[in-house]
Amino acid sequence: MAKFIFVTGGVVSSIGKGIVAASLGRLLKSRDYSVSILKLDPYINVDPGTMSPFQHGEVFVTEDGAETDLDLGHYERFTDTSMSRLNSVTTGSIYQAVINKERRGDYQGGTVQVIPHITNEIKERIFRVAENTNPDFVITEIGGTVGDIESLPFLEAIRQFRKEAGRDNVLYMHVTLIPWISSAGEMKTKPTQHSVKELRSIGIQPDVLVCRCDRPLPQGQREKISEFCNVPEEQVITSQDASSIYEVPLMLEREGLAEQTLKLLRMEPRQPNLEQWQNLVERMKRPNRHMDIAIVGKYVQLNDAYLSVVESLGHAAIANDMDIKLHWVNAEDIEKHGASMYLADMAGIVVPGGFGLRGVDGKVAAIEYARLNQIPFLGLCLGMQSSVIEWARNVAKLEDAHSAEFNPEAKNPVINLLPEQRDVVDLGGTMRLGLYPCRLTPDTLTYQLYGQEVIYERHRHRYEFNNAYRSLFLETGYQVSGTSPDGRLVEIIEYADHPFFIATQFHPEFQSRPNHPHPLFFGFIQAAGNHKSQPISDELDNQSTEMSISLS
């Protein structure tokens, strides 16, 4: 039977529960245990697919086409394991399932209540992950903060879980904040004490406390937390701020988190194999060269809207021994002031995905600037569609070319709605979603980077390249370097007379891993480094250099 670990958070939101859960998953996997990580989100949306990126951040897409919380990206990157729609649960999806059962008569006329019907549905979702993937451990992160009214059904469900699964099969881990009060000159444990008190009032006594702090936790404070929170001292774990999230598993390993977890769940203690992860972190801290990369987007006010793009650039930077500084460029600013003001000093330009007309002309201008000035360019989803519009207008001389998404009356709709999308009415969960095969064209840079003919990538879109214009594009020098296996859908384009000009309809950022950077990001960073980079001085080299992945 699987062991179940529940990760809750207290005092403040965004405390790092997802990174703690992902790091624990990495530590257990390094001991040859299998792990699946589940996120319970308390919002009433069925999934985050239709939520604003400014509110929610990135929507992470799984292989089976689920639109999920960005924390699932952390889970996949840290454990190098693909998650599924089973690993993402929201209050909205729980209530939707319960109401559907009530409408079918499954409850046989009974009064449907939070307890037991909602809590039973929550527990069923957790057990389903264990049954479908058969892992040694199921780690469940509960979104929100203890004390939030939205989280109460989830907390009640996991309280009941220990009785049903058995005391030795369930562990409660609470992530909390230990703030430094500068006026007092000390760290304060009272917020943690109150957070644990709140959790205990619900009926959950945490087995392990993970204390987030910006400096080492003094022994006296650790003893105080142990005494007042009724947690053994060795199970009070410090999680100090790090320059990169990829340092956190190593820090928690030194603190004994995995060792205590295995002891409490009566599992065999094993020696971890973290050599590859340690080498990754060491290499990240010792880059040879520095360069500047621009991300031209429409949601740049919230960097988390492009989290997987940032992480993928970081993975590729490590593999190329590069330190990169990201420059966030609002596409609308380019529309007002021109591209050269923001992009002249860049080693590479990334144009990521998005929806809607706002900022598209700025993206098109950025892509034209990259093409004309031989600056390495990588376009993703809307970034590819924008590159098609740019080529159509400026090279193929179709001056009124546009996407049917933005101008349904366009005379030259070089981007058009997928045929299967024409009768779709609902927005949520109806796009082309999930993992699809793509056949690469030999003798292209894309083929060279992947090193294989058929690849599999994750999609999230309704619109595609309009094949009515394919011949014209090929005649003017555009290369189609990847299509669906039947050749019907254009998935990758590139421009051969350029150091690196590749754009994809899919989202390669969802497939990148710290120890396995995505080939397209690797090639992009390599080309950008060749275009414009500077050696790092000995003085800087002796410092802890902050890579792009630490931005998240």
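The first residue you see is number 1, and the count goes up from there.
In case you wondered, yes, glycine gets a Cβ from its N, Cα and C as well.
The following features are taken from Swiss-Prot:
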type	residues	note
REGION	1-267	region 'Amidoligase domain'
BINDING	Ser13, Asp148, Ile149, Glu150, Lys188, Thr189, Lys190, Pro191, Thr192, Gln193, Lys224	CTP binding site
BINDING	Ser13, Lys188, Thr189, Lys190, Pro191, Thr192, Gln193, Lys224	UTP binding site
BINDING	Ser14, Ile15, Gly16, Lys17, Gly18, Ile19, Asp71	ATP binding site
BINDING	Asp71, Glu141	Mg(2+) binding site
BINDING	Gly354, Leu382, Gly383, Met384, Gln385, Glu405, Arg462	L-glutamine binding site
ACT_SITE	Cys381	active site, nucleophile
ACT_SITE	His507	active site
ACT_SITE	Glu509	active site
REGION	533-552	region 'Disordered'
(message) Radius 10 Å, atoms counted are CB only; among the binding-site residues Lys17, Lys188, Lys190, Lys224, Arg462, which position scores highest?
(response) Lys17
(message) As a test of reading the model: what is the averaged pLDDT for the region 'Amidoligase domain' (1-267)?
(response) 95
(message) Around the L-glutamine site formed by Gly354, Leu382, Gly383, Met384, Gln385, Glu405, Arg462, which additional residues qualify by having Cβ within 8 Å of the site's Cβ center?
(response) Gly353, Phe355, Cys381, Ser386, Ser403, Ile415, His461, Tyr463
(request) Please find, for Ser13, Asp148, Ile149, Glu150, Lys188, Thr189, Lys190, Pro191, Thr192, Gln193, Lys224 as listed binding CTP, the greatest distance between any two Cα atoms, in Å. (result) 31
(request) State, in Å as a whole number, the widest CA to CA span among the ATP-binding residues Ser14, Ile15, Gly16, Lys17, Gly18, Ile19, Asp71 given in the record. (result) 13
(request) State the Cα to Cα distance, in Å, between Asp71 (ATP binding site) and Lys190 (CTP binding site), rounded to an integer. (result) 28
(request) Would you find the one among the binding-site residues Ser14, Thr189, Thr192, Gln385 whose Cβ has the most company, meaning other Cβ atoms within 10 Å? (result) Gln385
(request) Counting Cβ neighbours within 10 Å across all chains shown, tell me which of the binding-site residues Ile15, Ile19, Ile149, Met384 comes out on top. (result) Met384
(message) Under DSSP, is Gly16 (ATP binding site) part of a helix or a strand, or is it coil?
(response) coil
(request) Select the most exposed residue of Glu141, Glu405, Glu509, where exposure means the fewest other Cβ atoms within 10 Å, treating these as the recorded positions. (result) Glu405
(request) Give the maximum pairwise CA distance in Å, whole number, for the residues Gly354, Leu382, Gly383, Met384, Gln385, Glu405, Arg462 listed as binding L-glutamine. (result) 14
(request) State the count of C-beta atoms found within 10 angstroms of the C-beta of Asp71 (ATP binding site), not counting that atom itself. (result) 24
(request) Write down the Cα-Cα distance for Glu141 (Mg(2+) binding site) and Ser13 (CTP binding site), rounded and given in Å. (result) 13
